[in-house]
Amino acid sequence: MGRRGALLCLLPLLRAAERPEGRADEPGLEAALAGPNASHFFWSNYSFSDWQNFVGRRRYGAESQNPTVKALLVVAYSFIIVFSLFGNVLVCHVIFKNQRMRSATSLFIVNLAVADILITLLNTPFTLVRFVNSTWVFGKGMCHVSRFAQYCSLHVSALTLTAIAVDRHQVIMHPLKPRISITKGVIYITVIWTMATFFSLPHAICQKLFTFKYSEDIVRSLCLPDFPEPADLFWKYLDLATFILLYILPLLIISVAYARVAKKLWLCNTIGDVTTEQYLALRRKKKKTIKMLMLVVVLFALCWFPLNCYVLLLSSKVIHTNNALYFAFHWFAMSSTCYNPFIYCWLNENFRIELKALLSMCQRLPKPQEERPPSPVPSFRVAWTEKSNGRRVPPANNLLLSSHLHSGKTDLSSVEPIVAMS
């Protein structure tokens, strides 16, 4: 058993395990360790001096968990759960319902939504309940499953965002090359999940359920990492590898891909004779696309940077644990599951139509047909169209001449903010 790694990981959870008011008549952990209750701890490889040293270190940054803080956390995490489930389930519903939207790009969007749903269901509620109850109540099996779901979902999300960025780069920078087929998209998604599983297994395997008698009437459990020796180095380099593979490398690829795309969209020239109104419309669309690409990178970087840095610094022993910081950073990272559906799909016309139809059904309007478009065929262009041979269908009534497809120029109307996800 890795002593130091497990001991350091115990810090934030055992702080949360303290009584909210910290009354003197409650023995708590220190009394249990110092007195006869020490035998109630189910640890086989620790000496009593280890626990005495740990109790002394536990005082760093200790803060009480009062009912107000717990209530705020319940509201904050509930907000994430509700909006994440609603947005991501709606994304899957819209894409599976519309056959025109079934392309490789759509598969990546669904895969991202599934990863967000997985972490919303198998990690976010467990973190909340663990904090509110000051103990792990889900058993040994879920101790491993929850940690695996957290890391696997994060890897899948990062790799899928990278795949989407590479796909957008391919479409815009090389418009004459064949698109990724649905079959290849399925293969790429399989590879993504295989890689995510491989990277997540060490975290899941090293989880262990520890049980101790907190007081005469209370027995509590903690789901914590239990790294093999040398535990310090194992923990440090595992978190470092996760930080690089889960955050730095995907962010670097996404940033480079979208920077090149933004440059191409901004510098590309309008082909053919267009009016001033048409030119201004294309320029607005160009700015809109660039803003969306920048938003994707910024949100991905901002949401995960605090938590990744906190975990990395903690495993490197640069900082001590801080309960308030941990839950603030964790909530901020988990909130990223709410943003992706709106970033990638909210500006898509088909998505808006299905959302209006769904809301009409929920409200039981007498004439829901009024919310639907007059014709299933759009008058300007068809989003996400793709033939089986991987080439795009030329849009009708386009502002730009179709002859530019043979000149290697980029058609702005086919690359709306991921927007049309063409």
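Quick reminder: no glycine exception, Cβ is built from N, Cα and C everywhere.
Database features (Swiss-Prot):
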- ASN37: N-linked glycosylation site (CARBOHYD)
- ASN45: N-linked glycosylation site (CARBOHYD)
- ASN133: N-linked glycosylation site (CARBOHYD)
- 1-16: signal peptide (SIGNAL)
- 17-70: topological domain 'Extracellular' (TOPO_DOM)
- 92-106: topological domain 'Cytoplasmic' (TOPO_DOM)
- 129-144: topological domain 'Extracellular' (TOPO_DOM)
- 167-185: topological domain 'Cytoplasmic' (TOPO_DOM)
- 208-237: topological domain 'Extracellular' (TOPO_DOM)
- 260-292: topological domain 'Cytoplasmic' (TOPO_DOM)
- 315-326: topological domain 'Extracellular' (TOPO_DOM)
- 348-422: topological domain 'Cytoplasmic' (TOPO_DOM)
- 71-91: transmembrane segment (TRANSMEM)
- 107-128: transmembrane segment (TRANSMEM)
- 145-166: transmembrane segment (TRANSMEM)
- 186-207: transmembrane segment (TRANSMEM)
- 238-259: transmembrane segment (TRANSMEM)
- 293-314: transmembrane segment (TRANSMEM)
- 327-347: transmembrane segment (TRANSMEM)
Checklist entry - CB neighbours of ASN133 (N-linked glycosylation site) within 10 A? => result 13
Checklist entry - Do the transmembrane segment (186-207) and the transmembrane segment (327-347) come close, with at least three CB pairs under 8 A (pairs 6 or more apart in sequence)? => result no
Item to check | Distant-in-sequence neighbours of the transmembrane segment (238-259), which means Cβ under 8 A and at least six residues beyond its ends | outcome: 151, 154-155, 158-159, 161-162, 165-166, 168-169, 199, 202-203, 227, 293-294, 296-297, 300-301, 304-305, 308, 311-312, 315-316
Item to check | Per-state residue totals over the topological domain 'Cytoplasmic' (92-106) - DSSP helix, strand, coil | outcome: 12 helix, 0 strand, 3 coil
Checklist outcome for this item: In this predicted model, the topological domain 'Cytoplasmic' (167-185) has a mean pLDDT of 84
